[in-house]
Amino acid sequence: MSLKERFISYGYLIRLDKPIGTLLLLWPTLWALWLASSGVLDLSILLIFVAGTFLMRSAGCAINDYADRDFDRHVKRTQGRPVTSGKISAKEAVAVASFLALCAFLLIQPLNAFTKQLSVLALLVAFIYPFTKRFFAMPQTVLGIAFGFGIPMAYAAILDFIPLEAWFLFTGNIFWAIAYDTAYAMVDRDDDLRLGLRTSAITFGQYDVVVIAISYGMLFLSHLWVAQLANLSNYFLVGWFAALACAIYHLKLVSTRNRENCFKAFRHNNWLGGFLFLGIVLGLGVH
């Protein structure tokens, strides 16, 4: 394999071709950064968190491919992934994940000690998540914790403590992850059943769409509560209702239980997260 081909394989390993995961990790972090700073955010902190989000998502993808290498070869959608196809060794995947995680940790050195302590917990959860699909009936919950760690870290970096609103935001993000990743798990449900893996789509079975609806409901309720605690103006509702419309559209898609529609609903959650961010920006900036 030439050097160019190897770098291309590394790009696929960390999903440079699929930015949706980075965006789903970034939106909750941006929600928290704007709320914690009351809309007046230091540019250096913003850049640190944006870059850190990219690095940690990339590290998570690498460790995920390492963990799933023996399963991916049995699923048509994942057979071409670099590790399971043999383009990158398992040891290389671990090395890439470790290097990216180290870069992320070095990146946050200008931040306070509390943020650094939280980053260690975030790293542990991110690296544990891929293995939970073997024994935990709801790995999406762990994903929600991993994808939401930017929330307490953002508050810690700006305020040096974590207020009540942050925990409502964090809890809402866990429910959001359950919603969008259950839709994603519905795509591979037949393969996961055959391989003996655990996902929320398998755990809830025929009630999968109901669980997605309830999870979305909890997300939107949490944001309403956060809006009250943060004293956001009613302009927050512009983004909130736009996000709600997205969720209704997603429920229409997943109710078909068609693979393509479920995957479309998963990807479309980027818009939902973006609209909730818009609501926070408007709620803070327009009174």
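A Cβ is built for glycine as well, from the same backbone N, Cα and C atoms used for every other residue.
Per Swiss-Prot, transmembrane segment is recorded for 7-27 (among others), and the stated evidence type is sequence analysis.
Positions annotated as transmembrane segment by Swiss-Prot: 30-50 (among others).
Only residues 6 or more beyond the boundaries of the transmembrane segment (94-114), in the same chain, are considered here, and those with a CB under 8 A from a CB of the stretch are 10, 13-14, 44-45, 48, 51-52, 55-56, 58-60, 62-63, 66, 88, 123, 126-127, 156-157, 160-161. Swiss-Prot lists 94-114 (among others) with the feature transmembrane segment.
The transmembrane segment annotation in Swiss-Prot covers 118-138 (among others).
Swiss-Prot lists 142-162 (among others) with the feature transmembrane segment, giving sequence analysis as the kind of evidence. Here the transmembrane segment (142-162) has Cβ contacts under 8 Å with residues 24-26, 28-29, 31-33, 35-37, 41-42, 45, 48-49, 52-53, 60, 108, 111-112, 114-115, 118-119, 121-122, 125-126, 128-129, 132, 136, 169-170, 173-178, 181 of the same chain, all six or more residues outside its ends.
The transmembrane segment feature in Swiss-Prot is assigned to 167-187 (among others); the stated evidence is sequence analysis. The list of residues near the transmembrane segment (167-187) in space but at least 6 beyond its ends in sequence, with Cβ under 8 angstroms from a Cβ of it, reads 24, 28, 31-32, 35, 77, 138, 140-141, 143-145, 147-148, 151-152, 199-202, 204, 208, 211-212, 215-216, 218-223, 225-226, 229, 247, 250, 253-254, 257, 259, 262-263, 265-266, 269, 272-273.
Beyond the transmembrane segment (209-229), the same-chain residues lying 6 or more positions past its ends with a Cβ under 8 Å from any Cβ of the stretch are 35, 163-165, 168-169, 171-173, 175-176, 178-179, 182-183, 200, 236, 240, 243-244, 247, 250-251, 254-255, 257, 276, 279, 283. Sequence annotations record features per position, and here Swiss-Prot assigns transmembrane segment to 209-229 (among others).
Summarising the annotation, Swiss-Prot assigns transmembrane segment to 235-255 (among others) and lists sequence analysis as the type of evidence. Beyond the ends of the transmembrane segment (235-255), by six or more residues, the same chain brings 179-180, 183, 186, 208-209, 212-213, 216, 219-220, 223-224, 227, 261-262, 264-265, 268-269, 271-273, 275-283, 285-286 to within a C-beta distance below 8 angstroms of the stretch.
For 266-286 (among others), the entry in Swiss-Prot reads transmembrane segment, with the evidence type sequence analysis. Within its own chain, the transmembrane segment (266-286) has Cβ neighbours under 8 Å at 20, 23-24, 27-28, 30-31, 34-35, 38-39, 176, 179-181, 183-184, 187, 223, 227, 230, 232-240, 242-243, 246-247, 249-250, 253, counting only residues six or more beyond its boundaries.
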